[in-house]
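Colleague: Structure in C-alpha cells, see below.
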Amino acid sequence: MPDKFKRVHVIVMDSVGIGEAPDAAKFGDFDVDTFGHIAKHVGGLKMPEMGKLGLSNIREIDGIKKAEKPLAYYTKMQEASNGKDTMTGHWEIMGLYIDTPFRVFPDGFPDDLINQIEEKTGRKVIGNKPASGTEIMAELGEEHVKTGALIVYTSADSVLQIAAHEDVVPLEELYEICEFCREITLDDPYMLGRIIARPFVGEPGAFVRTPNRHDYALKPFKPTVMDALKDGGKDVIAIGKISDIFDGEGVTESIRTKSNMDGMDQFIAVLDKDFNGMSFLNLVDFDALFGHRRDPQGYADALVDFDGRLVEVMEKLTDDDLLIITADHGNDPTYSGTDHTREFVPLLVYSPRFKNGGSELELRKTFADLGATVADNFEVKMPEYGTSFLKDLK
C-alpha cells in the first residue's frame with residue numbers, strides 16, 4: 001500500500017462472536033454462535049450497512065445478504081490466548097498473549113476469599129453474587145448501614161466490587177480494604193482483573209453513588225501496541241471502557257460512555273477531530289445488557305441500532321481513515337448459563353481509499369494480527385505477537 005493511514009478507528013462490538021472456535025469444547029462451549037443464533041432467533045437480522053461491508057461474506061448470517069462487491073476486506077479471527085473474557089480479548093487485540101485466564105465468578109466468590117476479607121476487616125460480607133451496583137445498593141444498603149457489613153459483588157467480568165456508605169465505612173478504610181483484596185487476588189486461584197471501591201451516601205430508598213469510586217486494576221504485563229503508539233507520539237483515543245481495560249496504559253485521551261448509542265455519538269464526534277493515531281471504541285451493551293442476560297431479541301435490536309449508526313460513520317471517513325470492526329469474544333444469548341462463549345470474531349476492514357472494494361483476507365490465527373497491523377501502519381514498535389495484514393489492503 002503506497003501511503004499509510006493517518007487515522008485508524010477500531011470498534012469492538014463487545015461479545016459479538018461469529019461461530020464456535022475450534023477449541024470451544026475446552027472452554028465448556030458446544031454449538032455456540034452469537035451472531036448466527038441471534039439472527040435465527042429473530043427470523044433474520046436487518047443490518048444492511050454491515051452487509052455491504054461483507055459481514056455475510058465471512059459466513060452467511062440469516063437476513064443479511066452476501067455482498068457481490070463487499071466494501072471491506074473481511075475474515076474472522078481466532079483467539080489464541082487461554083481465556084474468553086473482555087480483558088484477555090482486548091489485550092490480545094493489542095498484541096499480548098495471555099496464558100493464565102482472568103477468573104470470573106458467576107456464582108459469587110469462594111468461601112476462602114470471603115473469609116480472608118472478613119478476618120482482615122472485622123466486618124461481615126453480604127451480597128457475594130453477580131449484580132448491578134445500583135440494584136444491590138438498593139437491596140442491601142439498609143442492612144449495610146445497620147450492621148456495617150461490606151456489600152461485596154461481582155459482574156460477568158473479572159471483577160470484585162465493594163460498596164459501602166461513606167458514613168459507615170470511611171473512604172480511607174474502604175480503599176485499604178480494596179488494596180488488601182487487590183493483593184490477595186493477583187494470582188491463581190483468583191486472578192481478578194479489577195477491584196473496585198463503590199462508595200455511596202444517602203438514606204434508605206435514596207442511596208446514591210459518590211464520585212469517589214476507585215479502581216485497582218491489573219496493568220498489562222508488557223507494553224501493548226497502544227504504548228508503542230503513545231511512545232511514538234501518536235494519539236490513542238480510548239472511548240467507552242477501553243481505558244479501564246488497559247488501566248490507562250497507552251491512552252492519550254479517555255472518553256467515558258453511558259451506552260452503545262452514546263458510544264457511537266462520542267465516536268462520531270471523534271471523527272470530526274484532527275488527530276494522528278488510533279481511536280478505540282468498546283460497545284459494551286451487547287455483552288452486559290443482552291449477552292449475559294440471555295436476551296436474544298434485545299441483542300438483535302442493539303445490533304440493528306448499531307448498523308444504523310454506521311451510515312453516519314461512513315459519511316465522515318476519508319481516504320486517510322481506516323475503519324476496523326471486530327469483537328473480543330462471544331456471548332451467545334441462546335446458550336445455557338450466563339457466561340461468555342469461545343468463538344471466532346468477525347473482522348471487517350474498510351477505507352474509502354479502497355476504490356475497488358475489499359476481498360477475503362486469510363483467517364487470522366490470533367486477535368493480535370489487528371494490533372500488528374495498526375503498529376505497522378504507524379511505523380512504531382511491532383508487538384512480539386501477531387502478523388500485520390496491512391500489505392494485503394490494496
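From the backbone N, Cα and C atoms, a Cβ is placed for every residue, glycine too.
Here's the feature list from Swiss-Prot:
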BINDING   D14, D328, H329  Mn(2+) 1 binding site
BINDING   D287, H292, H340  Mn(2+) 2 binding site
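Help me picture where these features are in the structure shown.
Modeller: Non-local contacts of H329 (Mn(2+) 1 binding site) by the CB criterion (under 8 A, 6+ apart in sequence, same chain) comprise S15, G17, E79, K84, D85, T86, T88, G89, H340, T341, R342, E343, V345.
Cβ neighbour count for D287 (Mn(2+) 2 binding site): 28 (other Cβ atoms within 10 Å of its Cβ, all protein chains included).
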Colleague: To the nearest whole angstrom, state the Cα distance for the pair H292 (Mn(2+) 2 binding site) and D14 (Mn(2+) 1 binding site).
Modeller: 11
Colleague: Pick out which of the binding-site residues D14, D328 has the most other Cβ atoms within 10 Å of its own Cβ.
Modeller: D328
Colleague: Whole-number Å only: compute the distance from the Cα of D14 (Mn(2+) 1 binding site) to the Cα of D287 (Mn(2+) 2 binding site).
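Modeller: Cα-Cα distance, D14 (Mn(2+) 1 binding site) to D287 (Mn(2+) 2 binding site): 6 Å.
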Colleague: Among the binding-site residues H292, H340, which residue has the largest number of other Cβ atoms within 10 Å of its own Cβ?
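Modeller: The residue with the most neighbouring Cβ atoms within 10 Å is H340.
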